[in-house]
Amino acid sequence: MSQTGSRSGLVVRGHGRHYLVEADDGTRLLCHPRGKKSALVVGDQVRFAVSGDEGVIEAVEPRRNLLYRQDVWKTKSFAANLDQMLVLVAVEPVFSESQLARALIAAESAGIRTAIALNKTDLPGTAAARERLAPYRAMGLTVFDVALKADPAGSRATLLPWLNGQRSFVLGPSGTGKSTLINLLVPDAQAQVGEISEALNSGRHTTTHTQWYWLDSERQTGLIDSPGFQEFGLQQIAPPDLARWMPDLREHMGHCKFHNCSHQHEPGCGVIAAVEAGQIAPSRYRLYGEILAELGAKRW
Ligand SMILES: Nc1nc2c(ncn2[C@@H]2O[C@H](COP(=O)(O)OP(=O)(O)OP(=O)(O)O)[C@@H](O)[C@H]2O)c(=O)[nH]1
Ligand SMILES: [Zn+2]
């Protein structure tokens, strides 16, 4: 690696105040931000200078988008500059629709397109799980059926065309098969993680960190694995905007009599009419009410 000038790179992993940065030629270097700069996230494009066997991050390029969750007390940024997000759920354990809906709202409000993959479709509960996802299909989301362990080749063939050439963020609750997915799609996942652990001097397993993988040697298809799909706070969203980030509700908002309708009790509400007509799933409308209450809708 050249010792002079500033170079451009991609943050492929964070670890406290250090970041692992991949230069355009693929080499990776442990870097520190200069001064007390705000935190970087995986997917950030940076300019860095080499200094000895480490690097100093001098600048961060403006972010195209940032996927994060905001709880009442803290904000957790997942990754930046994403093309898309894949939410992995499974027939078993039964997924929380609230978690799913929240992740989708966060992505939608950040301008990141999403697809869902339903794993373990070799199990008998598949029909019921598909049924629970019906509202999501109906609102136009792609839902892939996969069986990552039972049918690895078929699952690869299903997912790869969608992933190809994109930077995809993968989110999924524990036990869903995320490790199976990574190992299936990233042939040298262990090596990519091993190299990183070495660079960070951490022997610890890396699943507690957001982690960038390349699926191809040309480094065109990126997969970002992230732990943590528990409570998904959406405090970043202003209550009046919430329905806009739920495509099935958004579709009917234009019919509301009041332009500042909260879709809770107003007369002439297009959303309530659609719920009554069976065009919006009751579970979706219930989640809307729950999240709205949580966002402090009383301020309205
Ligand atoms: N029946 C069935 N089981 C699967 C399939 N894919 C994964 N599993 C099983 O699901 C379990 C969880 O898979 P993992 O890949 O470890 O899941 P994970 O999401 O990484 O789980 P955590 O490590 O808890 O985050 C394992 O016992 C897998 O063997 C599948 O296609 N069919
Ligand atoms: Zn309304």
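The backbone N, Cα and C atoms fix where each Cβ goes, and this holds for glycine too.
The GTP binding site annotation in TrEMBL covers ASN119, LYS120, THR121, ASP122, GLY172, PRO173, SER174, GLY175, THR176, GLY177, LYS178, SER179, THR180. The annotation Zn(2+) binding site is assigned in TrEMBL to CYS256, CYS261, HIS263, CYS269. According to TrEMBL, the domain 'CP-type G' annotation covers 69-232. Among the features that TrEMBL reports, domain 'EngC GTPase' is placed at 80-230.
Distribution of TrEMBL features across the structure.
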residue	record	DSSP class
ASN119	GTP binding site	strand
GLY172	GTP binding site	coil
LYS178	GTP binding site	helix
CYS256	Zn(2+) binding site	coil
CYS261	Zn(2+) binding site	coil
CYS269	Zn(2+) binding site	coil
Whole-number answer please: how many Å between the C-alpha atoms of CYS269 (Zn(2+) binding site) and GLY172 (GTP binding site)?
34
Spatial neighbours of THR176 (GTP binding site) among the binding-site residues CYS256, CYS261, HIS263, using Cα within 10 Å, are none
A correct count of other C-beta atoms within 10 Å of the C-beta of CYS261 (Zn(2+) binding site) gives 20
Could you state the CA-to-CA distance between HIS263 (Zn(2+) binding site) and THR180 (GTP binding site) to the nearest Å?
41
Taking Cα atoms as reference points, which of the binding-site residues THR121, GLY172, LYS178 is nearest to CYS261 (Zn(2+) binding site)?
GLY172
Which binding-site residues, if any, among ASN119, CYS256, CYS261, HIS263 have a Cβ under 6 Å from ligand 2, given in order along the chain?
CYS256, CYS261, HIS263
Taking only same-chain residues 6+ apart in sequence, whose CB is under 8 Å from that of ASN119 (GTP binding site), what do you get?
LEU88, VAL89, ALA90, VAL91, VAL146, ALA147, LEU148, THR176, GLY177, THR180, LEU181
Among residues ASN119, LYS120, THR121, ASP122, GLY172, PRO173, SER174, GLY175, THR176, GLY177, LYS178, SER179, THR180 annotated as binding GTP, what is the maximum Cα-Cα distance? Answer in Å.
19
Inter-residue Cα distance where the pair is LYS178 (GTP binding site) and CYS256 (Zn(2+) binding site), in Å
41
Would you say which of the binding-site residues THR176, THR180 has the most Cβ atoms within 10 Å of its own Cβ?
THR176
